[in-house]
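TrEMBL has this to say about the protein:
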type	residues	note
BINDING	13, 14, 15, 16, 43, 44, 45, 97	NADP(+) binding site
BINDING	281, 292	Zn(2+) binding site
DOMAIN	7-124	domain 'Gfo/Idh/MocA-like oxidoreductase N-terminal'
DOMAIN	132-244	domain 'Biliverdin reductase catalytic'
């Protein structure tokens, strides 16, 4: 059995891109990641080499037949265009969330990947944290009465990262993964330009008509933190359950999952469920943005 190798390129070398380069150069022994071979990286800035990885041009990355897959770690705003280029060039794609800043673009890109028979994988390390895995176990089988997920963090440049419902889609993904499909009942956004402060408040209903609230709050010096308050018929959960530290880094776990997909080791059911979840969250993010941006309704 000749072991199948997939040549890869990393596009964008911010924090995630550098983590990708490191993990591709040091795959976990005996893991699916051993089937990925880093060819080089693409960046608008000039680096030369990073460790042993060499910088190549975007044109080379798209043209080179030895590159089968691209890891896209650019700013959110350029995900859509970059995914499109690599899919058009017949490459598999791994992209950091959110895959696009509009639902329409996301659906189009997904269709394109399917037409070209390529894997389009969206990184969701927020589902891979030990903290989250413990939370999911804790919530399983309980009856929700109401809940809130409140995120705080430092200021983001919205021109690059998009509307908060998209840049913060990790939180929405948690809620959908924990409580199933949701409907947006209302959403508002408060901005204080002079203070560089922003707070988005979204109200959802679960399929059983139970209320969930998501608050995404950002301002200068705000600590990156998630607070939960989930109330069930059996009682309330206000703190994250204790979780062990994982021995495998989050990007490496994600890379292994991508490699498994390339090797055809992920079931159709799992792939379909993941596709539904990703596109559903992007659809909801767009609905939230529309609610927040529509002019105040005036009742006469």
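Just so it is clear, glycine is given a Cβ too, placed from its N, Cα and C backbone atoms.
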> Far apart in sequence but close in space: which same-chain residues, 6 or more away, have a Cβ under 8 Å from residue 44 (NADP(+) binding site)?
Replying inline: none
> If you average pLDDT over the domain 'Gfo/Idh/MocA-like oxidoreductase N-terminal' (7-124), what do you get?
Replying inline: 96
>> Let me spell it out: for each of the binding-site residues (16, 281, 292), count the other Cβ atoms within 10 Å of that residue's Cβ, using every protein chain shown. Which one has the most?
In response: 281
>> What does the structure give for the C-alpha distance between residue 14 (NADP(+) binding site) and residue 292 (Zn(2+) binding site)? Integer Å is fine.
In response: 30
> Counting only other Cβ atoms and using a 10 Å cut-off, which of the binding-site residues 13, 15 scores lowest?
Replying inline: 15
>> If I take the alpha carbons of residue 45 (NADP(+) binding site) and residue 281 (Zn(2+) binding site), what is the distance between them in whole Å?
In response: 33
> Which whole-number value in Å describes the distance between the Cα atoms of residue 292 (Zn(2+) binding site) and residue 43 (NADP(+) binding site)?
Replying inline: 34
>> Restricting to the chain of residue 43 (NADP(+) binding site) and a gap of 6 or more, list residues whose Cβ falls under 8 Å of its Cβ, or answer none.
In response: 11, 12, 13, 17, 55
> Given the binding-site residues 15, 16, 97, which one's Cα is the least distant from that of residue 281 (Zn(2+) binding site)?
Replying inline: 97
